[in-house]
Amino acid sequence: MNLGEVVSALNDFASLSLAESWDNVGLLVEPSPPHTVNTLFLTNDLTEEVMEEAVQKAADLILSYHPPIFTPLKRVTWKTWKERLVVQALEHRIGIYSPHTAYDAIPHGQSCTVFSGACTSIPLHPSTAPSYPAEGTHRVEFCADNNEHLDTVLSKIKGIQEISCLSTLPARVEGEEQTRVSLSCSQKALLEVVALLSQNSLLYHKTEILVLQKPLLPHTGMGRLCTLSEPVSLSDIIKRIKSHLKLPHVRLAVGTGKTLESPVKKAALCAGSGSSVLKGMEADLYLTGEMSHHDVLDAVANGISVILCEHSNTERGFLLELRDMLAIHLQNKINIIVSEKDRDPLQVA
């Protein structure tokens with residue numbers, strides 16, 4: 001497959017519109033065209049050791065969950081390790097693609113693989129559709145007498161930019177024949193519309209302004225709240241997590257008033273760094289890679305236990321499932337391999 005086809009398919013698999021606004025996702029490094037992708041190389045973190053492995057395995061495109069280019073690069077030299085990644089990628093004609101938080105949001109995405117057990121789950125922060133149901137962010141509606149003054153007002157409204165879906169319908173208000181005007185507009189245009197209508201108090205007092213909300217996407221969003229089919233003790237949950245993530249150790253903070261034998265019915269999960277996603281959520285347990293010290297203290301004070309597994313340990317297991325899902329999505333047209341050198345930089349000494 002050519003690079004454009006692969007990137008398009010990856011975007012279809014997980015829309016980049018689901019990524020957080022602060023993120024840097026998509027195709028980050030593009031070799032000069034034409035570029036054919038025979039081997040797709042999956043990694044959680046693109047380090048120099050992983051890049052060397054990708055070169056040895058003749059990768060044509062690297063899918064790195066974490067974007068190796070996040071803050072802007074002012075130059076591309078051999079001086080820093082992230083610059084060297086770009087140099088090596090271009091020299092060996094390897095593209096780099098990063099989905100990051102787009103994979104956090106999709107159904108059966110990153111956070112769904114952190115915990116294994118019989119449970120039902122819903123997103124902690126549901127994602128919304130990329131666009132509003134209609135053009136614009138607000139709908140304005142008002143009624144007026146069907147006269148020359150209304151024609152003048154409508155003419156002025158049509159002169160405002162970012163106005164859409166302007167329509168007029170006959171209406172009966174308090175026994176009088178009137179015209180109901182409806183329009184969609186942007187936040188900027190709304191100010192101009194309100195200023196225009198406020199020049200006529202009769203029109204203005206009959207005006208309704210509705211906020212258009214983007215619809216929620218089912219089963220899509222950041223983090224997951226898992227409700228277990230049967231309560232499980234905190235000590236058993238720890239054993240399950242260590243077995244599932246293949247970790248010899250996890251970090252634990254037991255909630256105030258709780259013990260290792262306390263039952264866990266609801267667990268809030270977030271792969272990677274979970275402070276902002278988990279904060280304020282009602283659950284028996286927070287399970288994530290890392291949290292700030294003060295957020296752990298807040299959770300414990302509220303009787304919520306916290307299990308931390310280190311940042312990328314909660315993400316890396318998704319790669320094996322991703323390999324199988326992408327093989328189907330790409331119709332087995334390319335070879336997909338998972339890095340063997342990719343690992344969390346932290347270990348217990």
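Cβ atoms here come from the backbone N, Cα and C positions, even for glycine.
Predicted, not measured: the structure shown is a model, and the values here were computed from it.
According to TrEMBL, the feature divalent metal cation binding site maps to HIS66, ASP104, HIS311, GLU315.
There are 21 other CB atoms within 10 A of the CB of HIS311 (divalent metal cation binding site), with all protein chains counted. Of all Cβ atoms in the shown protein chains, 25 besides its own fall within 10 Å of the Cβ of GLU315 (divalent metal cation binding site).
Neighbour count (other Cβ atoms within 10 Å of the Cβ, all protein chains): 30 for ASP104 (divalent metal cation binding site).
HIS66 (divalent metal cation binding site) counts 17 other C-beta atoms within 10 Å of its own C-beta, drawing on all protein chains shown.
Each of ASN44, TYR65, HIS100, GLN110, ALA271, GLY272, SER273, GLY289, SER312, THR314 belongs to the same chain as HIS66, ASP104, HIS311, GLU315, is absent from that list, and has a C-beta within 8 angstroms of the C-beta centroid marking the divalent metal cation site.
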